[in-house]
Each structure stands twice: as structure tokens, then as C-alpha cells.
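> Sequence annotations record features per position, and here Swiss-Prot assigns region 'Important for autoinhibitory function' to 59-64 based on similarity to another entry. Here Swiss-Prot flags 196-224, 205-209 as region 'Interaction with STAMBP', drawing on similarity to another entry. As annotated by Swiss-Prot, motif 'MIT-interacting motif' applies to 201-213, with the evidence given as similarity to another entry. Per Swiss-Prot, the feature site 'Important for autoinhibitory function' maps to V48. Residues or ranges marked as site 'Interaction with STAMBP' by Swiss-Prot on the basis of similarity to another entry: R218.
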Amino acid sequence: MGLFGKTQEKPPKELVNEWSLKIRKEMRVVDRQIRDIQREEEKVKRSVKDAAKKGQKEVCVVLAKEMIRSRKAVSKLYASKAHMNSVLMGMKNQLAVLRVAGSLQKSTEVMKAMQSLVKIPEIQATMRELSKEMMKAGIIEEMLEDTFESMDDQEEMEEAAEMEIDRILFEITAGALGKAPSKVTDALPEPEPAGAMAASEEGEEEEDEEDLEAMQSRLATLRS
């Protein structure tokens, strides 16, 4: 506490160092999320291969869409890391300016990076807090809340899912189809007939559905 009960402001250098530490901490969180999503994606890929061998087209489509969503999530997380690196560079510049001018200066580069970072759900809370502190310190201006969220184009998703399944099917058959299938509607390999398989088919389908739902749930949790 300062005089008359007022909170004493932290020195600019201390503020910059604190912001840099918080950003590096969030970068480690993002790295961990990327690894978790990619690890789960490998499991999904194996499940797609298994479903294709059983001739389960619908399961292939659902899982392929999950892979696409996961890859989009990873791309956004990598983009957020790039923005955080921009902010870190901006903090280094602020320290250099501070040594010469004796005060922090407004930065359009930091402003642009923070505008992008506050829109990312995984790190939104921390970035909003940092933005308020930076606004108070005069580094960035007040940012308007951008409520517009771009929606995934359904047709683009369908086409991407078809392309992903085509690629995976071609990989599974080791080129036995002669070429990569052009559409998901192309015939999938038929399951080999077996007497014992017919009796347990219903139970296996229920297990497959449960596994599919569990996998979707895990991926959704990792992306959120």
C-alpha cells in the first residue's frame, strides 16, 4: 500500500517481466494441448482403419470428421503460439525502449497479437487479464469485443472428410484398389465371412458405438 491507502504501481520493468512469464506459461499449456490432441488423433486414425476393414462407412465418416476438427484445432493453437511469440518480442522491445526513454511505449504489433489471442478459448481468460494490464500501462489501446465467430462451412467439412477417408482407405489396402478412391461412396473392403462373427455381430456393433462416442467425447474435451 502507498500513501493514503492507494496501491503502489509496479515498476514498468517488473510489469513487462511478469507479462512475459505469464505468456510463456500459456505457451507451455498450449504445447501440452497440442500433444494431447495429436495423441488422441492417432487413436482415431487406428479406429478409422479398423472400421474400414469391417466395411463401416458411417463410422469412417464420423471419425474422419473428428480428425478434421482436431487438426483445425491444432492449427489454431499453433497460430496462437505465433501470436504469443510476437507479444514476447514486443516485450523485449519494450524493455529496450524503457532503458532509453524511461517509460513504456504504445505498440501496434502487441495490440494486433493480443486482439487475436483474446479470441482463443483455451487461453482467453489469461489474455484478457493481460490486455487490461497492458491497456492500463499504455502499451495497447482498448480493444472492442469481437462477437462474430466464423462458422465451419458444412460443405467444406464433407469434402474434406471424403478426401481424408479416401486417403486412409488407400493406405489400408496398400494400393489394392489400384488408385485412391475419388469419393467416400466408393466400395469399402467387405468384411471376411466367419460363422462365429454373425452371432456376436450385434454386441460388437454396440461396443463400436460406445467406443465411437467415448472417442468423440475425449476429442471434444481436448478441443474445448
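Just so it is clear, glycine is given a Cβ too, placed from its N, Cα and C backbone atoms.
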> Would you mind reading off the Cα separation of V48 (site 'Important for autoinhibitory function') from R218 (site 'Interaction with STAMBP'), to the nearest angstrom?
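So the Cα of R218 (site 'Interaction with STAMBP') lies 16 Å away from that of V48 (site 'Important for autoinhibitory function').
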> Could you say which of the recorded sites V48, R218 has its Cβ with the most other Cβ atoms inside 10 Å?
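Max Cβ neighbours within 10 Å, all protein chains included: V48.
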> Under a three-state reduction of DSSP output, how is R218 (site 'Interaction with STAMBP') classified: helix, strand, or coil?
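DSSP call for R218 (site 'Interaction with STAMBP'): helix.
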